[in-house]
Every structure is written in C-alpha cells, then in structure tokens.
Amino acid sequence: MVVDDPCLLNIPTSFYHSTNQELDLSNKTFKREVGGPYSVMMDNKIGKPHLLETDQQNFFQDSKPTNEVHAVKGERENSGESEEEEDEDDDDDDDDDDDDEEGEDEDEVNYKREQIIVEVNLNNQTLNVSKGDKGVPKDPSQIKTSSDDEGGDSGEDDQDSHEDEENNPLPLDGQTNMQHGNQDQKTENSDMVGGDGTIPANSTKEQGKGGEAPKRKKKPKSPSDKAKSEEKETLTCDKCPRVFNTRWYLEKHMNVTHRRMQICDKCGKKFVLESELSLHLQTDCEKNIQCITCNKTFKKLWSLHEHIKIVHGYAEKKFSCEICEKKFYTMAHVRKHLVAHTKDMPFTCETCGKSFKRSMSLKVHSLQHSGEKPFRCENCDERFQYKYQLRSHMSIHIGHKQFMCQWCGKDFNMKQYFDEHMKTHTGEKPFICEICGKSFTSRPNMKRHRRTHTGEKPYPCDVCGMRFRFSNMLKAHKEKCFRVTSPVGVPPALQITLNNPTLSNPSQGISNLPNAHIPPPSPTPPLNLNALNPLPPRPIPHPFSHLHLHPHSHTHHLAVPPVPHLPPPPALFKSEALNHRGQNDDSFLRHLAEKTSAGQHH
C-alpha cells in the first residue's frame, strides 16, 4: 500500500480533477453574434474533448433537426440560468451537480427522438420539413446554414428574396430565425419550439413530401386561394345540382343563374331557369288552347275536350251577332236576331194592340186570342198551342226526356232548361242583378233573387191569405197550416159529421155512420163514379187531423151514379178547400162512407 500511494501521487493533476469543476459551466458559457449558435470556453482538462465532441455531434455530424437542437439549447440555457441563480444565492455544490446530471439526461432523451429535417432556401426560408429514419437524415447535403448562405452571390440572394417575398409573404418565423444569432430571435424560437421537441402545426402539413428536392412552382397560389381551395374541394350549388371546384366559379354561377331570377310578366311568379318560365307560360299562366267554335281558351287539352262535349256536343253555333256577339246556328237566325237591336216594332196585334218586332212573335201571340192549337202529337192526337209544349209532351211516349246532360245525367223536356243547366257546369252566369250585381245562370233565378230587394210576394195562401216570396215557402206553409189538431177522443167519422152541415140530413145515409143500417149493396156500386176509372182506396188520416170543410151545393146520390167522364188534370191550387193530402173533401167523405159500409157487412 505504501508503494501504491506514491504511484497515485505521481499522477499529473491535468488528468485528475473534481466533478464539480468539470460540470460547473455557468461562468464558462456565453453567447456571441456569429454564425455558430453557441461557443464554450473551458480549461485544458479531460472534459474538454468530450464536450467538443458532444457539440459537434449535436450540430454537425448527426445533423440534428432544428427543433431538437433548439430544445437542447433551451434546456441548456434554462439549466445555465438556474445554475447562475444558484451561484448568486451561494447554494451548495451538490445541488449544482444534481441539476447538471438531470440536464444531461434530458439531452440524451431528446437526442434519441426521431429526426426532423427542415429544408431552407438561400434566403433562409423553409421549403420542406421531413422525418429521418432512426435519427439519421435522408440527405444531409440538403441542410443549409446561414454560414453557407453567406458565400452565395448577392445578386442571386436579392432575386430569390424578391421572388420569395411575393410567393410567401408570411414565412414561418420559428424556422427562419433559427439561423440568426440575435437574442430576440432565439427567444422566439424557444417559444415556438417546446422543450419536448414539438413543432408548429403549419410545418406538419408538409411532412408527407419526404426528403425530395425542393421544386419551385412557376405561379404559386396566394394564401387566400389556398385557404379557399382547402376549405372545400367540391362546392355544390344550393339551388341546382351543379358542382364547382372553386368558390369563385360558384359565386359567378349564383350571380348569373340564380340571382337574376326569371319573372313571369303576367302573374309575377319567379323561376330559376328560363326553361321553367317557358314551361309555365305554355301550361299554367297562358291559356293557349282555344276552342274553334266559341274561341274560348283553356289551360289543359282535356278541358277543351270536355267543353266541346258538353257545350257543342249537340250543335255548333258558328254564326255570331256583330252587336252583342251572341251565336246562332245559321245566318238566318242572325238576321232575325238583329231586329232585337232596333227600336221599331211594326207588328201590332189587332185584338189587344200589343206591338212586336217580329212577325213570328205576333203569330205566337195571336194564338192566345184564337185558342188555336196547331201542334198535334202523332201518337195520341193531343194538340198543343206552342211547339215547346209538344216537345215536352213527347217525352211521355219516348220514355225519357229529350235533352240529357252528359255530365251529370240529368234530363230535361225543353232545350231552354237544358241550356240553363249546362251553364252550371261551364260556369257561365250571364244574368246579372241590377241592384247588387250578383250573377245567375238563368233569368228566372235572377228574377227570384230580385224579389229579395223589391219585397214582392206573389204566392198567397188560399186558406189564411198569407203571401210568400217563393213557391217553396208557400208549400211549406200549407203543410203546417193544414196540420191543426182536433179535440182528443172524438172519432174521425163523427167529427166529420158534426162539422159538415150538408151531411146532417139522415136521408143521405151518412149522418149516422156508426148506428145506421145500410141495405145490401145494389148491383150498381154507389161509390163508383165511373166503372172504367174507380177511385182507389185511400188510407184513413190521423185521428187528430182536422179538415177545413166549407159548405157547398154538391150532393152525391148513392143510388144514381154520375155520368161517366174523364176527370180533368188536377190544378196547381184548387179554389176548394184541400185537406192535408191536397185532396178535396168530397172524395175523402165518399171513401169514409165506403169503409163504414164494408165494416158493417162484416
């Protein structure tokens, strides 16, 4: 041990020193404004070659990416600043050693991370960012520093800088300021590149290009165009199915096509395309389908077919009046119609003095005075005063009415009524009220409406004398007026005998109907007025029905029947009192007598 001690003592002091002296670099590190980012001054000790090799490996040999280099530099600065603060505070040397060892461990961790290669041009602007394989750059010759750029020609630098300023007005600040030694620029790099080696998001967009050589585009897009193209690759129009690559074409399409809407001049409706407007004019807006007969226009073809079938199916009126445009079947009818527009009335009736415009009107009027019936039915030899009456009568023999509506199936005896009915389907209302302006399909309907303004009531009640404006109102009144209740408990036959003084004579055989004994019926039935036309049995009315019986001079003899004759057709309103069934009292009383006699025989 004694021999070994002198050997140990003979070791030069230059190869043996404490760890604190080797790693305490707070006072030996400084910044300078030259091409190299850092420079370190150290004593001639063993740690000096090691530190130089580390610096060369970080910055030149392994060509670490700039973001990792900045991370290491930032960590060293932070560690250096922390060491300076510890020296100023007079901390222990052991604490300094621990901090330095932690900083070296962090450097080793950062060094082992994946390499990222940043390519710059002569003007220190970033061209490409790529990743290396296993920490080795793909093409180290592509990395350029500011010291290499300084050897270039000044003319090329000016030209490149001018072009690059136009193409890339907003360069990446963290990657451009990497080559400068200003303290402000270094602080900006440390802010943009974190301690963990992350890079900004703008640089990661170009990582897919790899380590290929930079290719300068002839006419690069401006940042606004790039942003628009990246925002939507395919832009679809909202109003039509067209698709565009750029927003500029889409806006141009919107201005030309959709914002200049096609407006219909007739109805004001707007359309996107001109073809839609033309289709609208042909179908919906313009009535371009015209009837040849009456010149009426329609929108649809089927409407024209229905119009021809309904209106012009039976005949075609090709001739029209020049004054009122009324149409007729022949020109002769037109000439006869023109007389209606003149004020002259040369044809006068000799009997009553009434004047007419046409001779035919005078002939028709003269039939009222003479009673002549020139129109005869060939089937039953019945004669009529007017031709329309004969036409209406012919429907009895035919089995159906002559004029039938093809639209609804309703039939009519007279053509006048048929024409008025057809107007309900076509929508024509030529008759207008002079007071309120309401239009109607027929003149009788207009006259009935006009009574609401004038207050005219032409329909009186025969029983009570009350007057009504319309015939249906009178009919409803008659049903109510004849339904007057009689006293309860009185037999209907007895009620009739009490109220009728003409039947109170017992000699007639009807006054005491419940107690009277009528002899057996004679060979000639007393109640049959005519053997060819017997009266059908009538049902007995309600016991509470009251019959308005008026005294009259007609007496019916049961033994002698009246002379056979054809009864005339019943009038609309008889002068005699009617019961609730619209029958006279005589026929009803005869029916009661027949029923009573039949009950007594049984």
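The chain as shown is numbered from 1 upward.
Every residue, even glycine, has its Cβ placed from backbone N, Cα and C.
Sequence annotations record features per position, and here Swiss-Prot assigns compositional bias 'Basic and acidic residues' to 65-79 (among others).
Marked as compositional bias 'Acidic residues' by Swiss-Prot: 80-108 (among others).
Marked as compositional bias 'Acidic residues' by Swiss-Prot: 148-167 (among others).
Among the features that Swiss-Prot reports, compositional bias 'Basic and acidic residues' is placed at 222-232 (among others).
Summarising the annotation, Swiss-Prot assigns compositional bias 'Basic residues' to 545-557.
What Swiss-Prot records for 561-571 is compositional bias 'Pro residues'.
What Swiss-Prot records for 60-232 (among others) is region 'Disordered'.
Among the features that Swiss-Prot reports, region 'Disordered' is placed at 543-575 (among others).
Summarising the annotation, Swiss-Prot assigns zinc finger to 235-258 (among others).
Annotation comment: Swiss-Prot describes 262-284 (among others) as zinc finger.
For 289-312 (among others), the entry in Swiss-Prot reads zinc finger.
The zinc finger annotation in Swiss-Prot covers 319-341 (among others). For the zinc finger (319-341), same-chain residues at least 6 beyond its ends with a Cβ under 8 Å from one of its own Cβ atoms are 294, 357-358, 360.
Here the zinc finger (347-369) has Cβ contacts under 8 Å with residues 336, 339-340, 385-386 of the same chain, all six or more residues outside its ends. What Swiss-Prot lists as zinc finger is 347-369 (among others).
DSSP assignment over the zinc finger (375-397) gives 11 helix, 4 strand, 8 coil. Sequence annotations record features per position, and here Swiss-Prot assigns zinc finger to 375-397 (among others) based on sequence analysis.
Residue counts for the zinc finger (403-425) under DSSP, split into helix (H, G, I), strand (E, B) and coil, are 11 helix, 4 strand, 8 coil. For 403-425 (among others), the entry in Swiss-Prot reads zinc finger.
The feature zinc finger is assigned by Swiss-Prot to 431-453 (among others), with sequence analysis given as support. Tertiary neighbourhood of the zinc finger (431-453): same-chain residues 420, 423-424, 469-470, selected by CB-CB distance under 8 Å and a gap of 6+ residues from either end.
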Can you tell me how the residues of the zinc finger (235-258) break down into helix, strand and coil by DSSP? 12 helix, 4 strand, 8 coil
